[in-house]
Amino acid sequence: MAMTMRSTRHASKLAQTARLALTNSRRYSTAEPDLKTALKAVIPAKRELFKQVKERSDEVIGEVKVANVIGGMRGLKSMLWEGSVLDPEEGIRFHGKTIKDCQKELPKGTSGTEMLPEAMFWLLLTGQVPSTNQVRAFSRELAEQSHLPQHILDLIKSFPRSMHPMTQLSIAVAALNTESKFAKAYEKGLSKADYWEPTFDDSISLLAKIPRVAALVFRPDEVDQVGTQALDASQDWSYNFAELLGKGGKENQDFHDLLRLYLALHGDHEGGNVSAHATHLVGSALSDPFLSYSAGLLGLAGPLHGLAAQEVLRWILAMQDKIGTKFTDDDVRNYLWDTLKSGRVVPGYGHGVLRKPDPRFQALMDFAATRPDVLANPVFQLVKKNSEIAPAVLTEHGKTKNPHPNVDAASGVLFYHYGFQQPLYYTVTFGVSRALGPLVQLIWDRALGLPIERPKSINLLGLKK
């Protein structure tokens, strides 16, 4: 995006205005607010910033090329997304914070050493790092709102076993809209300025419920037990999710930490990816959060978006079958070339936006580096060796703009190491995580009064002219 010097200075002034308003909203607080109160305090500043930006509606921020239209709108700046910004060179930043910043600053659970995804949700929504006490209270609220209506249990029982887990998850999430406060309030009549509040309530309800729904999909023979299982309100969102999956207890503490890290890392990755954009698109029609995120889940179910982790695992296991556990660098290099020469891609490498190594991949590798049992796993050793050799092979092959590993190159293999060996379910876990970012933006869409999304289309003859 090319901006004039004047526009840059003006943007700087807008940012200063927002920071000043945010500072003023905090100045008179004497007690730690809950999440809704914290959000309510920052909405006026954000609305003022939005108003000032809207006054510049006629300014040009870029150009549209034919490649943008026929290439999936890749690289086209065309939607507002507050929680995160994905830089091709630096990777993802959450309100300006890197993953390492978040790992250092965001509160941890009562056990484990990894940041909590509910703390990430707080940061994404408010731009503020919550205190440990604030996150503990939020975790408690999520546990207390996790119960499901009976019709959801009955619905999941009715699904044929042949139905894909993502189909089940999306249907169940959509069916939860019987609980929507936004839908009920809108039907009765609701001021546009107040749309955000029942949207917030629905979003928290969905965050609280989606781990249990996901666990029911994972454990279809135990719907009645898992559907009514009491959660530990003193524990965090990921801990209770692991309990629902049947992986509780001290013997699974490392898995709990992996789950915390995974859910936090996958929660938001800007707004242009399919699951985030689909949620925003459907939400722009004022569909409630349950219906909106159900649409996002259907996008996530597509093999080009959410299935990469299981494809990596399948490919790595096939690689191990071929070259064994006592492999050489040449064995790995030759297998990579065999994959490419057969017309296939190397799964877990490259990215639609990133042009440098994915910092989420590095975060997972750092996690593994502190676990001797992971480092000793022959399957993980292949992941590590691939990350050392594949970039040079892919660069020589010459058909990728980013030869580096992405987060999927490690996530499925780590799940597999900890006994979570049902690859079809990896995307369901992704779906639990990805709820964080799109729901945050949906709340802000309502708070800022964003309109329904309605781009203009063009046909091939029009482009040819």
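Placed from the backbone N, Cα and C atoms, the Cβ positions cover glycine too.
Worth saying up front: this structure is predicted, and the values here are computed from it rather than measured.
Among the candidates Arg219, Arg314, Arg333, Arg434, the residue that Swiss-Prot annotates alongside His269, His351, Arg360, Arg454 as binding oxaloacetate is Arg434. Using a 10 angstroms CA-CA radius around Gly348 (CoA binding site), the recorded positions that qualify from His305, Arg360, Asp408, Arg434, Arg454 are Asp408. When the neighbouring Cβ atoms lying within 10 Å are counted for each of the recorded positions (His269, His305, His351, Arg434), the highest count belongs to Arg434.
Considering only the residues assigned to CoA binding, Arg74, Lys192, Leu304, Val346, Gly348, Tyr349, Thr400, Lys401, Asn406, the longest pairwise Cα distance works out to 48 Å. Note: the Cα of His351 (active site) and the Cα of Asn406 (CoA binding site) are spaced 7 Å from each other. Taking the Cα of His269 (oxaloacetate binding site) as the reference point, the closest of the recorded positions Arg74, His305, Thr400 is His305. Figure note: comparing Cβ neighbours within 10 Å for the binding-site residues Thr400, Asn406, the maximum is reached by Asn406. Largest CA to CA distance in the oxaloacetate binding set (His269, His351, Arg360, Arg434, Arg454): 33 Å, whole number.
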